[in-house]
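Structure record follows, encoded as structure tokens.
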């Protein structure tokens, strides 16, 4: 038994539900000029079907498809018995398409179809093939079986389908609609259904299903649902609105699946059928998915909260402090809880658990705290927010050095321990020890200790090498502490005077010398105090005297960077022996000038009364003193000189160049000196002189700290030389002079407009946006700038223009269409002129097309024609959006977007429906605010039938209130709820009022009133006898009013054994 036609091989074609319907042929062909005709062929014969398409109006070859039956595409079945051919005649411009059937078989008979498509045009034709000799009683499903790799590939062979079949029986099974089964099935069931019903072209069927537009199910609960998404600024307010079809349905709002309750943040409002949820003070937590449920239906949306840029309200301030102090940088931003980033020298500050930096936030204030500052914390700190940055410099200096206990001079016996210590503040400052200028390293002999404020140097066993001048230098400070260690040998520690002849190394203390040679004897002596020395030859005294008087305090007339020049007078008394020379000493301790710790400067005696000490430390205060020496000994020291500090002038400034020249001024600039000593840099002195003279004139009476200076008041045409000196406490540095003279005359530089790259093209902005253009230019002297718009001066009230020495700014606070045009900028210097043109285009939304008409209606197609909009928004029209709406529902659906032409054919319209069309214009700003709609509708009628639509006048459904069910007199038991019911019909919907004894019931918690679909209900909660009386229900609308009454009597609860009597209404007032 063969299967039904609706279940065998499916391909591209019409859907299965139309399988049994006759194929309609359009009366007028739009593409085919010659259609294939039905034909008859003998069994085993050949036949050809021909279709022709005229290509005069076609830009490319049309697409043609041949089908057998209603679904099977013959393009994949070509082979031994089927061939497809196409040719093109260049003279007649006609495409010819042929289908050859070779050696026809019985199963080749049937209905065939030819389809031709070109862009939005479509044409088709059906024809039949009859094969003579085909038995009429044979009713077998025709199908193509593709035998890949076989000789008879492409044959129409049903032998495989007829194998292993049961005897032919009558099939009473009703026809199955596979199309509906597939549409309602899950995707994972498609293959199972195809196998069950013998579908061989499942992919073609699925492609066809995708092309079918899905019908949107109309909501029964919502007349208008939520938008797909909403956006609100952080801190702002948003309203979510839905329109209910049934205002009595229960409504619930959800946020991420959690029900929302009314709070000051979430406010619910009712306006007619609208239900509104207002979200106040939106935060980032409100960025979520929201849904509203009305009965069994639900609609969802998403809310996006846009975070506004965080601005710096109060920036951080510079900090200058010392080490070990607490640093707190404070900044205030515009929003609480904002995320900020702290940076140091452009690198993000680490704020982990082990970091030295702590970050805290108090409302809108943010703090960066460094509890124990060090010199490494110096630098530029900045805070970055989304709306700005702020930075400040932090400088951490050393604390002033305080000496609580200084080093003391010590005299130690040879072999005894040496313990030196000092106490300074701050206590955590390390230091270095020096002996006679050499760094001391700790070893087995020397131990160096640092505990808090105390620094110690300990030597267990002293030796003669340990004697000398000791210095302790705190790290980072220029100050130092000094002391002298004197080692005394036990052999030479006696106080009486003693002559040490053993040092001569002469046998028997006898000196032998050749006559005529010079003899010099140096014999060491000791004793405290210094003994008097007498030389004798035999019994005769050869030399006798005393030590000289000390010289007067020396003078220091000249001080350099690391040297000074000192002079003194000879002592008034030479001690009876000529002065052999002098020793110069200066203090070793640079802080305590009155200290007795001195350092010897010269080891050879000086016979002159002047000396220049070298290798002094710049910036350290010094004092000097002098000793006089004769043959007897050394005098006492002179009084110290006045304290002086060696200071050096800086090196000369560098890179002195001319920056600008005018008719009366010259501007020069330079770089700071390469070397700046301890005296620092106080400023610069600028001098100039006329060329050919040496009369240098000081231009700035007060020192300038800047490295740029303008000399004013010059004579035009003169030539000058300029030099700059750096000044500090030590004096003026060597001058830096320009190599060539400067002619005081402004150089004319022709103007040149530097138009930015983005302004070389049309500058486009939307209506309402700000326009701020900066156009730089060159030229000297200051050019004259003028602006013209379309050859006319610009009105300052519309456009603001500000000119500087190097640029011109054009500003429009709120752009309008009238601001569009070509702006001409002219820059003039004397006779030199440069111009530039800037094209500004202010665009807006376009107007809709002027007129939309229905040009033609045929089959399921409608041809539309329209004219472009009158106003394109000052921008080219980039396309059109065409929408259609069924006259029954008037719900608009988009047919095509971004369409460029002004005519279109809308296809695949449903037969029997009547459509309206509307079109939006589109430019770079978007779609037009409104659309132009067709005045007439297009009725899609079935071919061959003319439907005359009768005209009906709209029925007026308005009527005054009328009660269809009145109130009924009721008895109630006290303490049990009771209800009064009635029904009313009215249009428009009436206002229902309940009254008791002719008094309106308002806001009484004992009564609940309901109205649903015209049924009015009054519920009385736990009534008492007092609630008995006459109740009235009144309905009022614009057309009139109506009312019904009933009586209610409330009886007390019946006690056991009592009789219940029916009450009388005679006493109830009416």
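Placement of Cβ uses the backbone N, Cα and C atoms for every residue, glycine included.
Model, not experiment: these values are computed from the prediction.
Annotation source TrEMBL lists region 'Disordered' at 1-23.
Per TrEMBL, domain 'Ig-like' is recorded for 26-130 (among others).
Look at TrEMBL and you will find 309-395 (among others) tagged as domain 'Ig-like'.
Residues or ranges marked as domain 'Ig-like' in TrEMBL: 400-482 (among others).
Positions annotated as domain 'Fibronectin type-III' by TrEMBL: 550-648 (among others).
Taken from TrEMBL, the feature domain 'Fibronectin type-III' covers 652-747 (among others).
Residues in the domain 'Ig-like' (751-839) partition by DSSP class (helix H, G, I; strand E, B; coil) as 6 helix, 52 strand, 31 coil. Taken from TrEMBL, the feature domain 'Ig-like' applies to 751-839 (among others).
What TrEMBL lists as domain 'Fibronectin type-III' is 848-944 (among others). Within the model, the domain 'Fibronectin type-III' (848-944) shows a mean pLDDT value of 91, rounded to a whole number.
Among the features that TrEMBL reports, domain 'Ig-like' is placed at 961-1049 (among others).
For the domain 'Fibronectin type-III' (848-944), the partner stretch with the most Cβ pairs below 8 Å, chosen from 26-130, 400-482, 550-648, 652-747, 751-839, is 26-130. Across the range of the domain 'Ig-like' (26-130), the DSSP-based residue counts are 7 helix, 58 strand, 40 coil.
The stretch in 26-130, 309-395, 400-482 that contributes the largest number of Cβ pairs under 8 Å to the domain 'Fibronectin type-III' (550-648) is 400-482. Broken down by DSSP into helix, strand and coil, the domain 'Fibronectin type-III' (848-944) contains 0 helix, 49 strand, 48 coil. Counted with DSSP, the domain 'Ig-like' (961-1049) comes out as 3 helix, 58 strand, 28 coil.
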